[in-house]
């Protein structure tokens, strides 16, 4: 009897040796094959089985509340497992709410393009035009050339630049743009990464010591052009071999320290991008979902707009950025008094890294007409949004009929101009020059570029969240859930803020931040009403906490991009991110209990919340 092909020889003995063990191995192999096949169709199984699993809700709970909870749980599972594309799951309310008798179609469909979606769209269009003409890269290189090239300062510069860009661009685009810049600077400071990894290994023989001695030139070489790098290495190899007095152990220790600093550079960029997105309403989707759900639950609440949010969230971003920088720089050696290498070599490497930044900036050339125009409209966009109605001084919205002009109107006006404003400087001589080109002029932003760069799936995701919130309100599900959360009334509000923020921050490590806030914000709003607390006191920290996903590579796309570089390990992100989460929760609690209380009058239970409560009771 011969073994069947495919039997693993390492785990299954020869059939002639033990027939019983062979049978066990066959069973194990078949189970393994079945498990792999089940894994391949796991998404289809989830789509088919989860609706059947939740069917008892339709018969065991009050009619409307049970039906709405059925759809909410269905969408939550699909979002968390991505059994269907996120945007497809977001469209389920269009077919499920009307057919189950929860909401009529005309009330559901209108939620997919509220004014909040237009504000988000205008922000994305502005970001697309900035990326189209490379203005974001010019800003990044300019900031890095100013902050200096000592490890702690450069980490701070990376974080400042990433957070600022992330206020206007997507977190993902910011991270994708900043990481190559960081790698170029790091290679000029520390040399080739593979050589650095070799140096981190323990020397075992004289030949490896010789390799280490020769490769130390690469540690400080210029990563611009390969031939130039080789030339520099050839010119200095003999000198380094002769005059480097360090032992192999010292070289290894220094390389390990440099590798540690390298990881700090890479990990700070996605973290700063996530932090920066919280500072503006258009910076990240959860902020806009808060606005949309406030309009659904509390239509008389007019405290949150672009200006008032920026006034609250920007100082919070700066504080968290500073605290996060101190932690990352301390953990990865940026604040260590130890020198990366000897003083003269450090100065030489920093000069080369500076040259890399200057050279990259020089390649961009002088600011052209398109970049200048985009800069103007970008600044105008920010100023108009901030000053429309910031609440702490009279904004320009008083010039129009009250309630008619919103942030969405402002954003669409500015973004629409980008589609016809020329990218080349207009010239009167063109009209009189018969030899001048008659090609159509190129605007600052084309619709083709907008179609390619705008994530339309996120807009649908926002709409699905607003539709879910509307259904939770009108079906009475939010009030029903709030009634079961009454025991939380015994928890002091300040402690409840930390618990809510911590829970949401942990949940969003495993699920999309957009899906997380869509699922939990209605419950949090109802909880605040039940315990007679200003809803904003709970809703604002929960919204910001959704962006604090630092522990896992899968938590957010910026983390995934940084992890995909291959230089970070999961344990690096968990170790750094766990403390970042704690620091973020503490910073949010500080902000909401200090200037947040003063700005939004959070100590009082406002009339707009009482009105909504009365409506639900009736």
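Numbers run from 1 along the shown chain.
Placement of Cβ uses the backbone N, Cα and C atoms for every residue, glycine included.
Here TrEMBL flags 45-62 (among others) as transmembrane segment.
Per TrEMBL, the feature transmembrane segment maps to 68-97 (among others).
Taken from TrEMBL, the feature transmembrane segment applies to 109-130 (among others). For the transmembrane segment (109-130), the residues of the chain that approach it from at least six positions outside its boundaries are 93-94, 136, 168-170, 173, 280-283, 285, 288-289, 291-292, 295, 306, 374, 377-378, 381, 406-412, 414-415, 418, 444-445, 449-450, 453-455, 458-460, 462-464, 466-467, 470, judged by C-beta separation under 8 angstroms.
TrEMBL lists 150-169 (among others) with the feature transmembrane segment.
Proximity of distant same-chain residues to the transmembrane segment (265-289), defined by a Cβ-Cβ separation under 8 Å and at least 6 residues beyond the stretch ends, is recorded for 116-117, 119-120, 122-124, 154-155, 158-168, 170-172, 174-175, 178-179, 182, 185-186, 305-306, 309-310, 313-314, 316-317, 320-321, 324-325, 328, 332, 407, 411, 458, 461-462, 465-466, 513-514, 516-518, 521, 543-544, 546-550, 556, 558-559, 561-562, 565, 567-568, 572-573, 576-577, 580, 584. Marked as transmembrane segment by TrEMBL: 265-289 (among others).
Same-chain residues lying 6 or more positions outside the transmembrane segment (309-333) and placing a CB less than 8 Å from one of its CB atoms are 151-152, 155-156, 159-160, 163, 257, 260-261, 263-265, 267-268, 271-272, 275-276, 278-281, 287, 386, 390-392, 540, 544, 575-576, 579-580, 583-584, 587-588, 590-591, 595-596, 599-600. If you look up TrEMBL, you'll see 309-333 (among others) marked as transmembrane segment.
Here TrEMBL flags 369-387 (among others) as transmembrane segment.
The feature transmembrane segment is assigned by TrEMBL to 403-421 (among others). Outside the transmembrane segment (403-421), and at least 6 residues removed from its termini, the chain residues within Cβ reach (under 8 Å) are 115-116, 118-119, 121-123, 125-126, 129, 281-282, 305-306, 373-374, 377, 380-381, 384-385, 388, 397, 443-447.
Outside the transmembrane segment (496-524) by six or more residues, the chain places 72, 76, 79-80, 86, 284-286, 289-290, 293, 297, 458, 461-462, 464-465, 468-469, 472-473, 477-478, 481-482, 485, 488, 531, 533, 535, 537-539, 541-549, 551-552, 554-556, 581, 584-585, 588-589, 592-593 with a CB less than 8 A from a CB of the stretch. Marked as transmembrane segment by TrEMBL: 496-524 (among others).
Annotation comment: TrEMBL describes 536-556 (among others) as transmembrane segment. Long-range neighbours of the transmembrane segment (536-556) within the same chain, counting only residues 6 or more positions beyond its ends whose Cβ lies under 8 Å from a Cβ of the stretch, are 171, 270-271, 274-275, 277-278, 284, 286-287, 289-290, 293-294, 301, 303-304, 312-313, 316, 493, 496-497, 500-502, 504-505, 508-510, 513-514, 516-517, 520-521, 524-525, 527-528, 562-564, 568, 570, 573-574, 576-578, 580-581, 584-585, 588-589, 592, 596, 600, 602.
According to TrEMBL, the transmembrane segment annotation covers 577-598 (among others). Only residues 6 or more beyond the boundaries of the transmembrane segment (577-598), in the same chain, are considered here, and those with a CB under 8 A from a CB of the stretch are 271, 275, 312, 315-316, 319-320, 323-324, 327, 331, 494, 497-498, 501-502, 505-506, 537, 540-541, 544-545, 548, 550-552, 555.
Through the fold, the transmembrane segment (369-387) approaches residues 126, 129-130, 133-135, 138, 168, 306-307, 310, 395-396, 407, 410-411, 414-415, 417-418, 421, 423-425, 444 of its own chain, all at least 6 residues removed from its boundaries and within a Cβ separation under 8 Å.
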